[in-house]
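Q: Sharing a structure, written as structure tokens. Questions coming.
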Amino acid sequence: MLKWLVLLTIVALVSAEMHRIKIHRNRDHKHTRQHRKQAIQALRQKYHQQNDIIYDYGVPIYMQPDYGYDYPSQTSDDYTSEELGNSMNMYYYGLIGIGTPEQLFKVVFDTGSANLWVPSAQCLATDVACQQHSQYNSSASSTFVASGQNFSIQYGTGSVSGYLAMDTVTINGLAILNQTFGEAVSQPGASFTDVAFDGILGMGYQQIAEDFVVPPFYNLYEEGLIDEPVFGFYLARNGSAVEGGQLTLGGTDQNLIAGEMTYTPVTQQGYWQFAVNNITWNGTLISSGCQAIADTGTSLIAVPSAAYIQLNNLIGGVLVAGDYYVPCSTASSLPVLTLNIGGTDFYLPPSVYIQSYTYGNLTTCMSTFTDIGTGFWILGDVFLGQYYSEFDFGQNRVGFASLA
């Protein structure tokens, strides 16, 4: 009898830890490039609004000559896991619930921000982004508490603005009581139109949260819903629409990693910022003694201006309309990019830092390096998708390990 009770308990725990979220992957070339442009636009605004935290920097001015190229415009009782969807390798998101009864939303789990927001049922009929997505209806929730406070967060071509509210937020069965979040009434510009997710759940430090709102992950730990203030990501770069990866809350899924985890301390609490010893390409030094940020809400790799030009020249890139293209015939033979973090070399092969797009019978290859005017590197999903990444609030460190 005892054996059956133990077995039933284990089965219940395992089944409660898993969520697989289906998504649609749009393979249309133009639509994919549109999302790339939106991602760069949002990334630039996202980091420029926090320039007092890290460095001063300016916005680069792009002046592209026309070169005549015809390019087209869970495993353990100590933690829980949330499976992620992967949309065109551009962003990763999972499902959360808000309110009582639950209203479901697809959100990007973003280590580069610290606020939770979703569209509001009070948004205007003319707000295209809002009308395309699920909307939070406060009157339908018995646990809603109004705060009477406005909020505004800068993204891309405009700001997401609305009201702060409090309600129960549920992540993979873990119910956070009285979590403050944003009801977005206005989402101007194109940054959030035609995207598969509804909102964003920030997983950065509270220091960068608008209105200094306590982030959901802080409350997961403070309310005793997880044992350790640690979370980790496995981002499947070529995963299916159903299986885009996994977010682990409260620990590290050892089944997903091979070898030892390399840890490096957070150098400034806000973003997940850390030191990189050096970055090289085929023996050529690109950067040394630089700073980087691990950002799961970013699809590309943002590079300081000098390194951006140097790297794209080394790979034989041609600048067209703000993007560097390379001949697809030579892309696979390019050298790896090596980042030394915490004394360990981490490698990015050309199959990762060159992205191909197919439109009809035409395939083009594009560099994933972009320049948003920062003095530091932003390592988005292009890098993070190659390794398991751990984010440890308790010891203020970031860890990377090879995937099993």
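A Cβ is built for glycine as well, from the same backbone N, Cα and C atoms used for every other residue.
Feature table excerpt (TrEMBL):
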| type | residues | note |
| --- | --- | --- |
| ACT_SITE | D110 | active site |
| ACT_SITE | D295 | active site |
| DISULFID | C123-C130 | disulfide bond |
| DOMAIN | 92-401 | domain 'Peptidase A1' |
| SIGNAL | 1-16 | signal peptide |
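Can you walk me through where each of these features ends up in the structure?
A: Shown in sequence order, I200, L201, G202, M203, G204, D295, T296, G297 are the residues of the chain, 6+ apart in sequence, with a C-beta less than 8 angstroms from the C-beta of D110 (active site).
Residue density at C130 (disulfide bond): 26 other Cβ atoms are found within 10 A of its Cβ, drawing on all protein chains shown.
Note on the domain 'Peptidase A1' (92-401): mean pLDDT across this stretch is 91.
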Q: I'd like the Cβ neighbour count for C123 (disulfide bond), meaning other Cβ atoms within 10 Å of its Cβ, all protein chains included.
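A: Cβ-Cβ neighbours of C123 (disulfide bond) within 10 Å number 20.
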Q: Report, as a single number, how many Cβ atoms besides its own are within 10 Å of the Cβ of D295 (active site).
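A: D295 (active site): 27 neighbouring Cβ atoms within 10 Å.
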